[in-house]
């Protein structure tokens, strides 16, 4: 006998509230339907009582006229603060009275229905304005990063003197950031372009593929940063070894490990938790993505400590020439800055539940994260002394060539 795999349902934090109330409403409507199907006992005029009603937050069960009913605040602890207050409604001859105290006072909820529509709309407008601002900021950030990264790849590719293993690794690192920026724009286009689609119930192949591609790009980011650290450590440890022999291992780690991880995660979600768009970070299967990233950050931190120790030894060593010391310092300054910069915030947020510090998490991952590609291009390319010298040399050659052409043209005109 084959036992079907257990299904685990996890919900995106933003959708947990919506789904909770949808379930509560469905239960309440089922009670109302059953009451309508049951013949009611005759009552004197004005004494019929209040029928079961759903007010958008709670289900109020039928009671006779003159009685009251009390309900507690909705049981979603990570959204609503714990409150012992009870909300009461009286059954009068004209129907249910208004909730007392109002939900937004007792449970710190926004007003429901027509009791305070202005306040609710103002709050919704503020929330929408906040997310629109966030989107504008990270769109500018990713656009700036993409332009800088394409320019940096073009510089490394065009100048033959810059063709080496070190810069080849940089190009792969830049490409991972380009994929990440593209993945963010694709994810927004697939998930949020149509406001009429309910994101909480959306579950299409396109949206799952967009999320899988986004996770792959994030993993590739961290693993190519790991490769940068590994290359630097190899350069310091094995001074006389050809670094070209390691390039395929670096490519396998940088692109292969993220691909294997995402494939395992996708198969796991398809088999055990195939609902929604797979963007629910509260799922236990989210650790299939999170654990490899934390491992890469941890290994990079160990490399950070070891490289610092090796660098101190190399600089103090009288056998190392001044040119080699400058080469070590140039690469080390960039890599040692990026390792803690890219790893610390991820570790901090990984240790807390997804609903803790949502605003700070969004700001770091979306707004500041969108400029990481620009920072990488700046450190490894635009501020690189070797790159600047090569650009100046070629610019000088181009100017000399132009001056020579102008002189030849002027000479031809004169002799003619």
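From the backbone N, Cα and C atoms, a Cβ is placed for every residue, glycine too.
Remember, predicted model here, so these are calculated numbers, not experimental data.
TrEMBL lists 27-111 with the feature domain 'G-protein coupled receptors family 2 profile 1'. Summarising the annotation, TrEMBL assigns domain 'G-protein coupled receptors family 2 profile 2' to 134-384. As annotated by TrEMBL, transmembrane segment applies to 136-159, 171-192, 222-240, 247-267, 287-311, 331-351, 363-383.
Here the transmembrane segment (247-267) sits against the transmembrane segment (171-192); at least 3 CB pairs are under 8 Å, leaving out pairs fewer than 6 apart in sequence. In terms of C-beta pairs under 8 Å, the stretch of 136-159, 171-192, 287-311 lying closest in packing to the transmembrane segment (363-383) is 136-159. For the domain 'G-protein coupled receptors family 2 profile 1' (27-111), the model's pLDDT averages out at 78.
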